[in-house]
Structures are given as C-alpha cells and as structure tokens.
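Database features (TrEMBL):
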type     : residues : note
TRANSMEM : 20-47    : transmembrane segment
DOMAIN   : 38-304   : domain 'G-protein coupled receptors family 1 profile'
TRANSMEM : 59-80    : transmembrane segment
TRANSMEM : 100-121  : transmembrane segment
TRANSMEM : 142-167  : transmembrane segment
TRANSMEM : 187-211  : transmembrane segment
TRANSMEM : 247-267  : transmembrane segment
TRANSMEM : 287-306  : transmembrane segment
Amino acid sequence: MSGSNSSSTVFGLKTVGFQFYSIHASFFCVESLIIMIINPLAVYLIATNKVLNRSSTNVLIVSACIADSMYGISVLFYESTLLPAIKGFTGQYISLGNRISYAFATQSMMGSLLTTMYIAIERGIATYRPLNYRQWVTPRRAACAVAATWLYLFVVVPPLAVVQFFLLPEDRKQSLADEIKDVFPPLVFRCYISLHLYIPLAVSIVAYIGISRAVYKQTRSMRVFNGSKNKEEKAQKQSLKVTKMSMLLLGLLLITWTPFAITNILIPFPDSVLERDKFRHQKMASSSSVLLVSAYSFINIIVYTYNHKDFRTVIAAKMAKYSGRVFTVTNEIDTTSTVAA
C-alpha cells in the first residue's frame, strides 16, 4: 500500500470487518444476478410485443428496468473491488473500478427518479386531462424521452467520474472512495447531482399528491358505476389501476432509496481513526441500505407483473411456447430412441 489515504481507507474497511462484507457480498451478488436476469427479460418482452409497447407507461417502465440494470452492474463492480482492498490489495485499477461502481449507482438513482417523474407527469395527464391523453402522450414520445435521458446519462455521468479520477493526485489514485461525494467534483456534486435527484423527486411527490386526491374522488364515483359495462368506465378503471400501481412504485422507491441517500450522500462519514465506532456503525448502515435498493430493483418488476394483466398473459404464452418446444423435442428423442431399439 502506498500513501496515507490508501492506508486510511483500508483501515476503515477493516474496522467494519471482512466477515461483515463477505456475508453482504453473497447477498449482493445473488440479488445482482436476479436483477441482471429479470430486468433485461422485461425490457425484451415489452420491446418485442406489439400489445405491450403500444402503452406509454410500459415504455417508461423500460427506463426503470434500465436503471435497475445499471444498479446491478454497479454492485458487481463494487464487490469486485472492495473485497480485494480489505485483504490488502490496492492499485489504480481497484480504485477506478470502485469509483465507476459509484458512478453507475448515481446513474441508476438519477434514472430511477427521472423515470418516476416522467410516469408521474404521464399519470397526471391521464388523470386530469383524459381527453387529451392520447394526443399528448404517445409511445413514440415516451420512447424518445427514454432514449434521450439514457443517452444523456451515459454521456455525462461515467465520464465525469473517470475524468475526476485522473485529475486526482498520484497518492489518492490508489485509495477507494468512501462515498459518492468523493467520486465527482464538489461543485458538480452540489449542483448537478442535486438538480437530477431532488427536483425530479419533488416534482413526483407534488404530482402524486394531486393525483391521489383525484384518485380518491374517482374511487368514490366508481362505486356508483360498479356494475357498469360501459367501455369508457372500463378504460377509466384501467387507468385508475395503473395510477395506483405507479403510486405504489413511488412509495417503494422512497422506502428503499431514502436510507441509501441519507447514509451515503446527506450524512458525511466520520473519521475512521478518530471516531472508529461511529464510522463502523454508519458504514454498516450504509452497506445494509444497499440491500434495500437491490431488493427494489427486482420487486418493482414483480409489482408491475402482478398489476399488469397483458404482461402476465405474454409471459404465460412465452412459457407455454417454450415448454411446448421442450415437450416436442423430448417426444422426438423418445421416438428416436424407441426406433433405434
């Protein structure tokens, strides 16, 4: 190890303990694998199915899946650099990998909150301007918004982290970043990241407060038309169901990301030498909060699937088609074996 910063960082990690990180690493890796399987599969199903990709909400869900996939990548990067560092292996490639993992986590957080804001605006239009909804919100426009958002995040966020790394002094290039603030320039962190985290979150909360009032009124009026077979009433009920689902996803997002944001962004880490116990407790809390974020990254797809009849139908059809192919191949093998005998 070269440099006091590197020694201090590794000492801080060892304060928490290798066993703590190794136990967490096993959970993180399992959750990352689930994230990296479920989310790309959901993106593929929505993108290739004509029934699903006609819905603007489904197109925006693709953006949420991309954000969760970025988070899964960040966890894999983080674990691949953290455990070697605790064992005493340091170097620029470990430090760079560690900072890239934080960059992907930041990118995921920004993508999730921007997507939540888009869905909140889309649901607000569906709730307050239902007659103009199909004119103002189209799958094509939603796809353009998603593509522009992720092109922007990919072009800006990881390069910022890499450029900041190469601008560091030589002795700090081998030290790990303790928190997201260490990865980006101070001015960029205060202005740029705050702009992309707090404003979308504030817009989403304000939008959903207004939507929740409208949903409450609609729910009361629905009781009057409970037995109606009118197409307009059915469409209104379907829109109401989608709105409730998106509000549930916002609640899950707040529950899972808030502990991570508090322990990794808002509260600075204490000194690992002078305040060893405080550092150990906050580091354990921040690492444990990552488990919640990991859980959100695949729970939202489960919630979406449970509330989306068409999506469930497509999955069932795909599974039936696959099982039918397997059954056919098995029959052919059995027939061939019988003829050969």
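A Cβ is built for glycine as well, from the same backbone N, Cα and C atoms used for every other residue.
TrEMBL: automatically predicted annotations, no manual curation.
Contact check: the transmembrane segment (287-306) against the transmembrane segment (100-121) gives fewer than three Cβ pairs closer than 8 Å, residues 6 or more apart, which falls short of the contact criterion. Remark: the transmembrane segment (142-167) contacts the transmembrane segment (59-80), by the rule of 3 or more CB pairs under 8 A. Over the domain 'G-protein coupled receptors family 1 profile' (38-304) the predicted model carries a mean pLDDT of 81. Within the same chain, residues 57, 60, 63-64, 66-68, 70-71, 73-78, 81, 142, 145-146, 149-150, 153-154, 157-158, 160-162, 177, 179-180, 182-184, 193, 196-197, 200-201, 203-204, 207-208, 211, 246, 249-250, 253, 257, 261 sit at least 6 positions outside the transmembrane segment (100-121) and bring their C-beta atoms closer than 8 Å to a C-beta of that stretch. Outside the transmembrane segment (187-211), and at least 6 residues removed from its termini, the chain residues within Cβ reach (under 8 Å) are 106, 109-110, 113-114, 116-117, 120-121, 123-124, 127-128, 160, 180-181, 243, 247, 250, 261.
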